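**Q** Okay, handing you the structure first.
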Amino acid sequence: MAASRNTIELAQTGKRDHLISLERKYQERWQNERIFEVNAPTEEETAGLTPTQIKEKFPKWFGNFPYPYMNGSLHLGHAFTISKIEFAAGFQRMLGKRVLFPHGFHCTGMPIKAASDKIIREIELFGENFERFNPDAEEESLDAAPAPTESTAGVHGKLDKAKKGKVAAKATGLKYQFQIMESIGVPREDIKKFADPYYWMTYFPPMCISDNNAFGSRIDWRRSFITTDANPYYDSFVRWQLKKLYAMGKVKFGERYTIYSPKDGQPCMDHDRAEGEALNPQEYTAIKMEIVQWSDAVQKVDIDSKLGGRKVFLVAATLRPETMYGQTNCFVGPDLKYGVFAANDKEAYVCTTRAARNMAFQGTFDVQGQVNQLFELLGSAIVGTKIKAPFALNPEVYVLPMESVLASKGTGVVTSVPSDSPDDFATLTDLKKKPEYYKIDPLWCAIDPVPVISTPTYGEMTAPALVKQLKIQSAKDAKQLAEAKELAYKEGFYNGTMLIGEFKGESVQDAKPKVRESMIKAGVAFPYAEPEGLVISRSGDECVVALMDQWYLDYGESVWRAQTEKLLSKLDTYGSETRNGFEGVLAWLNKWACARTYGLGTKLPWDPQFLVESLSDSTMYMAYYTIAHFLHSEWNGSKPGSLNITPDQMTEEVWEYVFSNGPFPSSSIIAKEKLQKMRHEFEYFYPFDIRSSGKDLIPNHLTFCLYTHAVMFPEEKWPLSIRTNGHLMLNGQKMSKSKGNTLTMRQSIEKFGADASRVSLADAGDGIEDANFDEKTANANILRLHTLMLWCEEMVHHDTKLRQGEKNFHDSVFEDEVNNLVNITKGHYDQYNFKDALKYGFYELQSARDWYREVTSDVGMHHDLVQYWIRIATLLILPVAPHFSEHIWSTVLKEPKSVQFALWPEISKPVDRTIIDAGVYMRDTTKTMRDAELSLLKKMNKGKGAQAPYDPKKPKAVRIYVATRFPEWQDGCVQVVKDAYDPEREKVDDAKVRGLLIQRGMIKDKKAMPFIQAFKKRIAEFGATTAFNRTVPFSEVEVLREFLPYLKRTLGLVDAEIYFADDAKAKEEPGFTKNIIDSAEPGAPAFEYRNV
């Protein structure tokens, strides 16, 4: 597989290899010392304490993330989500908390079973070790596949499934499952073992553990487990959970729409899908429009013999049955293929094959799951057919062509109501203008729009009004028509009133379901549903919507939803985007199928022919983490844990006692102290403090987690927070195996080392928007970490060369800057803002050191402060780069205990903001003076420096002008802004600003408005209090005098003088330029170079 052009190759690996060798050394130490294994305080330690007192005396933190699926190696996206909890775990340890970070292994559902079945079929095809596989023959078959043409395009307007598979195979070279297994490092002779789905559960979890350990993850592996009935303990836990939900009435049985795989013969839920996660059934009203007279084109063909005496109906799917009174015609896609399908022995329906396939599983056809196509027609042949229009004012209308009709949505047949549909009106207008061009009879489109709904905004003709308002010229103005469609639907639904029909005078909201019911009762319509988009199962099947009896979780039920909304209101989501996501899902989620017949999992306790599906056995396993190590010592449950309890002893009464504060299970043979120990562990660690996940799990797993916790636990055990992140891109592009732009967790560690990878993941971003892992950044991090490590080693080993004794001005500035960065970094870690924590606790901290080293180069850095900085640098980066920190802490600083036990550094004194501001002032002043000189040099090199006031290449001196007050015109502008500022709204009234400028005679001053705009930005950035306070908190002259020796060294000055601006203005001699002096402001001195 070819690598992406953005993938980098490392030329020199010596530094990386050295860092990796250190990482392995410290990982082995951490594992040998069992540093990340954590337990609740003993019952003796907490005896007599209230829950609040226990929290205060023994603070804890429990973070987790969705356990990954065990059908392959962890990829970098997994590492990104894991890193959010991993970095937080490192920080929370530094706060002195008992930190629990567990990791489970998800095996439930279809993916493993589907893959193992593929291997079975491939062994039958190619032999036990695939020895009969001929790659050359396969390549020839791919090359021989014909290119798709318009006439061979599938019903989705894409390649049909066979061609799609060939294209995918050609792009990746991985057509078969055994090839995929080889690509992830499984030897060919071992692949046959994966024909057993349970073998996967023994192969990939150890790989996952190894990868995490190589990453430096702070995981308590004692608490790990696999799901499904392969682990009898977890199996018992899930059965208890489902039985309890069933007893509460939260699990029900009944007929409902669900996404369904005909090939698999069962519902296809989110985690069973290769494509189309979070898509749900979309319900329509199917309108039956009986054919009165076929078009001339169809009449020329003998169809009667094929119809068998059946009546034929065009079937259109609509979301707006209330508008059917205004039908003026019907549309089909002229280039689409339509089937005529036997619904029963009396009726046949015209629609797309895709729609018929959905209908076959909804009781529409007489044989469930069977599609009986009588014959096929091209859409263009149907144009001109006369049909009945149910409920319409015009009882008979014609079929017309519409280019924008999609085979991938609805039935391919569209009812036309041009009074309320902008698309219909625009198309009908085009047809009326050019009937000859579209090859239609003008009589077919002669009916004018019929008023159906009245709205306050658009009157009785919503669509024509919007087409005019948005200046839509034709049916090809897709963007404007999409906007018009949304406006028309919202206005009609929320504010519309029916003008005609049985429900005339009623609101559209009330009339819509009544019209639908009336049409269904009259036999001219029936319910129809289909997936919201393309859904492909893991077995490669295109899914449909089926109406079937099934077990389902009654999500969306009003009381349960209200409880979940209450939980959400208390939940910290770290941002409005995640909260809005949850609220949106709660608004539509209902009735989730929780059982299937194919795959791996726990049998439904009361109906064991079914298995619990993968998103329904994963809603509260976070509680299981708290006691897993007591139950089993192996993650597959094969050996009892520390309490020596067998799976059969974990009865419903025991689970109830441990997790639900139930009564003591007197019938249990488990010793009371063991049961109390389990309950105590759960009570201490629960609720979890944070769950971190990709944003794509909000529509399913994360919301299901909230629903389940809302009814299974009391409020004090509800989750405290959930944060979500975006997807991770690699080198600015979406990760894609077919494009060679992919990286596993292990590959990243091998290529860049653990810490360089971790720093890059922290740097990738923390928001809900997609983040980016840049390999160039990761490579640069190798050098950055290695260089810093060598510098720390050198400073400690040669510390006698450093300055001792009393501290000077620059020492004080440096110390306060370091302490300030400690506080800022802590705040970002606390809010899970790891990119900013890295910025201040790693990059800015090194910048502060670099300035200090430079500004004190004449006298040297102070020994105590260098030692202090090394300790601070070691601790501030510890959550993100623990191996680097361990090396400096244990090997360089010779600390006896692991850095993993180190606490966050305590600041000995408050940070002096005046000193911090002075430090910023020094750097800014130096940069401004240096930039001015560089700018002049560039001009001179381009031959534009003829009038330069001095030659930077010759000996030079500088005068620095310090202002003690701002110009009067600026003070006047600031006062105007202050008088126009509304503190309650935290906003400047622009109209009032303009009025005050006119009133005070300042409106014609060209400097005024630009200054005011810049000042408003300052208010927005720093707040009104800081912005309006325009005083400098330190003596500029004193600070300038302190770093004047550095200025002279760094700028190559013969001399440097400091003047107050007022004193400089009084000078009459040459070299004191008035306009330069006047440009000085408090906090921003002016300067004037001259040759000497």
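Just so you know, glycine gets a Cβ as well, placed from its N, Cα and C.
Reproduced below are the annotations present in TrEMBL:
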| type | residues | note |
| --- | --- | --- |
| DOMAIN | 58-120 | domain 'Aminoacyl-tRNA synthetase class Ia' |
| REGION | 137-156 | region 'Disordered' |
| DOMAIN | 209-773 | domain 'Aminoacyl-tRNA synthetase class Ia' |
| DOMAIN | 813-932 | domain 'Methionyl/Valyl/Leucyl/Isoleucyl-tRNA synthetase anticodon-binding' |
| DOMAIN | 962-1030 | domain 'Leucine--tRNA ligase RagD-binding' |
**Q** Could you give the mean pLDDT over the domain 'Aminoacyl-tRNA synthetase class Ia' (209-773), rounded to a whole number?
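**A** That region's mean pLDDT is 95.
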**Q** For the domain 'Methionyl/Valyl/Leucyl/Isoleucyl-tRNA synthetase anticodon-binding' (813-932), jot down how many residues DSSP puts in helix, in strand and in coil.
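**A** Final tally across the stretch: 88 helix, 1 strand, 31 coil.
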**Q** For the domain 'Leucine--tRNA ligase RagD-binding' (962-1030), what does DSSP give as the number of helix, strand and coil residues?
**A** 43 helix, 5 strand, 21 coil
**Q** Using DSSP, what's the helix, strand and coil tally for the domain 'Aminoacyl-tRNA synthetase class Ia' (58-120)?
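**A** Here the numbers are 29 helix, 13 strand, 21 coil.
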